[in-house]
Amino acid sequence: MIRSTHLPLLITLATFVLAYALCASAYPAMLSLRVVANLLTDNAFLGIAAVGMTFVILSGGIDLSIGSVIAFTGVFLAVILRETSMHPLAAFALVLLLTTAFGTAMGATIHYLEMPPFIVTLAGMFLARGAAYVLSTESVPITHEFYDTLQGLYWKVDGARFRLIGGLMVLTFIVGALVAHRTRFGQNVYALGGGEQAAKLMGVPVARTTIGIYAVSGGLAGLSGIVFSLYTSAGYSLATVGVELDAIAAVVIGGTLLTGGYGFVAGTFFGILIMGLIQTYIVFDGTLSSWWTKIVIGSLLFAFILLQKGLTWAAKKRAAQARMRTATGSAALS
Amino acid sequence: MTDTHTPDAPVLHARGISKFFPGTIALDDVELRLMPGEVHALLGENGAGKSTLIKCLTGAYRRDAGTLLMDGQEIHPVSTADSQRLGIGTVYQEVNLLPNLTVAENLFLGRQPMRGGFIARRRMNEEARAVLAGYGLRIDPAEPLTAYSVAIQQVIAIARAVEMSGKVLILDEPTASLDHDEVQLLFDVIRQVKARGLAVVFITHFLDQVFAISDRATVLRNGRVVGECLLAEMTQRDVVTMMLGRQLEARTKARDVGPAGKTLVEIDDLGKRGMMAPFSLNIREGEVVGLAGLLGSGRTETANLIFGVEPADQGRIALRGQDISIKNPRDAVAHRFALCPEDRKIDGIVGDLSVRDNIILALQARQGWMRPIPRAKVEEIARSYVRALDIRLASLDMPIRLLSGGNQQKALLARWLATNPAFLILDEPTRGIDVGAHAEIITLIEQLRADGMALLVASSELEELVAYSTRVVVLRDRQQVRELTGDQITPDNIINAIATEEVA
């Protein structure tokens, strides 16, 4: 059964199908599995970060630190692997711990100091970017046989290579969707987005949930950083500037309401694919400037924001009509 | 459940509860006994201490003295979540559920049925359906909460509170935004909850509803318990007398009814569906019409409808025999109407603006921003009203929020008097101000009347209404029930009119 709250998700899905159909009609080669595999690989780091962003936005918050945390993670890994003999797996664990702690600290600041998430994560953005610069201002290449092993892992279907990082993104989305819709933590995230005061009165552990949300976002930004370092085989402090904005765009195009409370993790997945598709189209075309990606994404975002406004407005109007009906009904009875 | 209690043992017994706020005693040695399987009404006018008492019970406030016994055991709830766990559930007037979740999610938030670490959604929906069916609701729990009316949301909130807490259910003005049929639906649910052996606390301003559903009542006035009574042995009149604290001595005022001027404002069947039943009223120059009634009876609504704060959807207003249209306060001001609203902190003063700017605000607004009033003229107007109304202040430049309540009220009056209104509406002009300022404002009202202004004054202070009104209109459940004139205007008669059973 289709419910009104599912409508934005369905529209995202329809947009994706339509966009793919348009692309395929212009360039039939875009229907190939190789394109699909590349879509997953190229957008893996953004997708993973966007899962975290989905939780943050569902709760009515925002996390601007993501891009910087990804860059920091990359530089940190590159420097650690160059300077020490630490195994990459241990380094991964260490950096995940660091970024999760960073997110936890931001969440705690937001909750206990009652600061707006925008400001706190803006500070986090500068802090993480600064920390990356302190580690190294140069791009540091990563050369380690374990990296080669990981990069060499793929599942080959008809000449298309589905790489490890693409799979990791899909897995993150599946786990993210399960956590959002099937756990108490996920329900509490929606509850916070629906109204903090009511959530508190209903016994939602607001402190634990808020801190948890930013910890998840920080941790996933760390994971995204690991994936990005596997993707580029380097750590560079100037990389992934503005990725948080791409993630926000993917979340909104995925049908999540920016004010929180409504949305789906699966929607974000299709938001990522739509954005990736636009980029792929421009690559196929070859004559268009890559900046057209931004223009199309901008227009899409605008369209989706208008759509959200329209849906909210329609819902309000329906509620008002329902009230009128009960009012006239009782008037007729008396 | 009930067999664990002897009929005389209260489920919840609050004893000697006191709560102090800086400068006031909000609760003074209050006792409240809640029996299992009863509906207990908590009554009192605004400021009597009802909500403070509730907040002490639910842990939102820490009590300063007294004990709280649940089944004989002392409890110390520190938060609403804590009191929920202890067995005290609360449902507020504003539905405190989450509009973005489904009915079942709202019902089970925080205690969802789990399977293998994940929420068992299907089972949750089934259980929600079963629970709600127990309250007579056959709705789809997988639908979003907002798909249902406020009354149904209210029942869902009650179901959640009962399922989670299960001993005491506090209903804080649950019927305030419901219509007649919805109230009946809610009452059915309350009766079921009562039959389950819970103690239900019912707070409302609607006395009919109190008598329809409640077994006993505790009446508060000025932070003290006036009495606890079995409602079967009481009449509405007794209860109103307890709430307002008037001894019904016959007391009439020797009034000099001034020469009745010409009819100024004629109101004909003005009303708005769901807010105020249509009413008609004529007000002549040199006349003060008092609006009496309990809180929620429609006093403020009447004032707001006439002034266009809430646009009326039926009826007409005529000024000196000419039909006029008032769609918003601007129209009203243009016809030289003025309204001093009830809540001066929210609707009246602009706290950070100077006293001078606050006084000149309405006059400047009527002139339009294109034609600023010259500075010297502003100064002159402000000074003359400060002198005339004896507003005590250090300087005209001080922000108005620093003034005392009475002086703020006088400054607000000055604001509207500066526009030289023909028709002045005052909503609770003496709420929350000290005795001295009180008397001054009453004198001022009489003076304005003598000068030929038409006034409509809504007040909950009966003595005060009796003192200055040439006529009193009594409201009840958002309807005009009586009009008293001349010697009929006594506190006794007003109370009778408020409390009389509606003759259907």
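Cβ atoms here come from the backbone N, Cα and C positions, even for glycine.
Heads up, TrEMBL stuff is auto-annotated, nobody curated it.
Under the heading transmembrane segment, TrEMBL lists A:47-80 (among others).
Tertiary neighbourhood of the transmembrane segment (A:92-113): same-chain residues 61, 63, 65, 69, 72-73, 76-77, 80, 86, 120-121, 124, 128, 206-207, 210-219, 221-223, 225-226, selected by CB-CB distance under 8 Å and a gap of 6+ residues from either end. According to TrEMBL, the transmembrane segment annotation covers A:92-113 (among others).
According to TrEMBL, the feature transmembrane segment maps to A:160-180 (among others). The list of residues near the transmembrane segment (A:160-180) in space but at least 6 beyond its ends in sequence, with Cβ under 8 angstroms from a Cβ of it, reads 32-34, 36-37, 40-41, 43-45, 47-48, 51, 54-55, 58, 150-151, 153-154, 186, 189-190, 220, 223, 227, 230-231, 264-266, 268-269.
Summarising the annotation, TrEMBL assigns transmembrane segment to A:211-231 (among others).
Look at TrEMBL and you will find A:237-257 (among others) tagged as transmembrane segment.
Per TrEMBL, the feature transmembrane segment maps to A:264-284 (among others). Counting only same-chain residues 6+ beyond the ends of the transmembrane segment (A:264-284), those with a CB under 8 A from a CB of the stretch are 6, 8-9, 12-13, 15-16, 19-20, 23, 26-27, 29-30, 35, 38-39, 42-43, 46-47, 50-51, 53-54, 173, 176-177, 180-181, 246, 249-256, 290, 292-293, 296-297, 300.
Positions annotated as transmembrane segment by TrEMBL: A:296-315 (among others). Counting residues 6+ beyond its ends, the transmembrane segment (A:296-315) has Cβ neighbours under 8 Å at 4, 7-8, 11-12, 15, 249, 252-253, 255, 257-258, 274-275, 278 in the same chain.
Same-chain residues lying 6+ beyond the ends of the transmembrane segment (A:211-231) with a Cβ under 8 Å from its Cβ atoms: 41, 44-46, 48-49, 51-53, 55-56, 59, 61, 63, 65-66, 69-74, 76-78, 92, 95-96, 98-104, 106-108, 110-111, 117, 121, 142, 147, 150-151, 164-165, 168-169, 172, 185, 189, 192, 239-240.
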